Amino acid sequence: MDATLAFPLLVGLIAVALFFDFLNGLHDAANSIATIVSTRVLRPQYAVFWAAFFNFIAFLFFGLHVAETLGTGIIDPGIVTPQVIFAALMGAITWNIVTWVFGIPSSSSHALIGGLVGAGLAKTGFSSIVWQGLLKTAGAIVMSPGIGFVLALLLVLIVSWLFVRQTPFAVDSTFRVLQFVSASLYSLGHGGNDAQKTMGIIAVLLFSQGYLGSEFYVPFWVVITCQAAIALGTLFGGWRIVHTMGSKITKLNPMQGFCAETGGAITLFAATWLGIPVSTTHTITGAIIGVGAARRVSAVRWGLAGNIVVAWVITMPAAALISALCYFAADLVA
């Protein structure tokens, strides 16, 4: 392919992608620290530094399978143009900002995938969609909250049985320490899965402009800059969403926080190794609901959980609609 986009414009579009990655950290990093903050194991200002560090080093632990899926497995890379990438990013960024302002824990992953699909449909219609990859991703998006729910619920039941003879103080003290481990694992999972989505976007843009040759791959500088952007976003993560995730859905103690984070982390690790982009937001939401339901069903604020599900359902079509409109606008200007 010929490199048809002026270099300054290419740099500008990459900057937009990195801004999305920063917003992803800002918006979704709350998921990494919500439970450890709500259980008062760490203060918010210390928790964000903790999460940012593990978000940044996540590339050391995972392959780049999620980036490859985003780059080649959602829409046909052959139809990708700068307008498609711009529209996809603007759809995702716009929706992320709207939900962040209102403190709604919607998914940056859903928004980006919806943005890609909307831009692809606007350009060439249904032929632009890689249906096998999209359906696999959509299936994982639907299943991941349920998997997080089940794993966290099982962990609570197992841990409660193992520590049944311990005093509440001893259990609390033990899991205050163990929550550092579980929060670290969840932050690794978040950085490993979410940063790779932006890597895939930047890499397919470079590929479409001929900068990668005939083979799609993710350059190392893209890996580092994306991990840095999501880590910086984590440092500025929003307390609005931390409060919703960590205390409004259900009250948590350190043992429950450990189980929620561990259940969510296992889900994210498996998805990342399989190359499936999933929602870190809804994975931890499912896990938090699971630990609340293990205590008693009424411990979960089901009304708020229902609002989160509504946001989960409308995110992809909303981002797709915004991105399609942005594509048509960008195409007119071009």
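Glycine is treated like the rest: Cβ placed from N, Cα and C.
Among the features that Swiss-Prot reports, transmembrane segment is placed at 3-23 (among others).
Within the same chain, residues 25, 29, 32-33, 36-37, 180, 183-184, 187-193, 195-197, 199-200, 203, 218, 223-224, 227-228, 230-232, 234-237, 271-277 sit at least 6 positions outside the transmembrane segment (47-67) and bring their C-beta atoms closer than 8 Å to a C-beta of that stretch. Per Swiss-Prot, transmembrane segment is recorded for 47-67 (among others), and the stated evidence type is sequence analysis.
Residues 13, 16-17, 19-20, 23-24, 26-27, 75, 111-112, 114-116, 118-120, 122-123, 201, 204-205, 208, 238, 240-241, 243-244, 307-308, 311, 315, 318-324, 326-327, 330 of the same chain lie 6 or more positions beyond the ends of the transmembrane segment (84-104) yet place their CB under 8 Å from a CB of it. Taken from Swiss-Prot, the feature transmembrane segment applies to 84-104 (among others), supported by sequence analysis.
Among the features that Swiss-Prot reports, transmembrane segment is placed at 111-131 (among others).
For 139-159 (among others), the entry in Swiss-Prot reads transmembrane segment.
Through the fold, the transmembrane segment (216-236) approaches residues 18-19, 21-27, 29, 32, 48-49, 51-53, 55-59, 64, 67-68, 71-72, 77, 187, 191, 194-196, 198-200, 202-204, 206-207 of its own chain, all at least 6 residues removed from its boundaries and within a Cβ separation under 8 Å. Per Swiss-Prot, the feature transmembrane segment maps to 216-236 (among others); the stated evidence is sequence analysis.
If you look up Swiss-Prot, you'll see 258-278 (among others) marked as transmembrane segment. Note on the transmembrane segment (258-278): residues 31, 35-36, 62-63, 65-66, 68-70, 73, 109, 112-113, 136-137, 140-141, 144, 147-156, 159, 175, 178-179, 181-183, 185-186, 188-190, 192-193, 196-197, 252, 284, 286-288, 290-291 of its chain, located 6 or more positions outside it, place their CB under 8 angstroms from a CB of the stretch.
According to Swiss-Prot, the feature transmembrane segment maps to 308-328 (among others).
Long-range contacts of the transmembrane segment (139-159) within the same chain: residues 107, 109-110, 113, 255-256, 258-260, 262-264, 266-267, 271, 276-279, 282-291, 293-295, 312, each at least 6 residues beyond the stretch ends and with a Cβ under 8 Å from a Cβ of the stretch.
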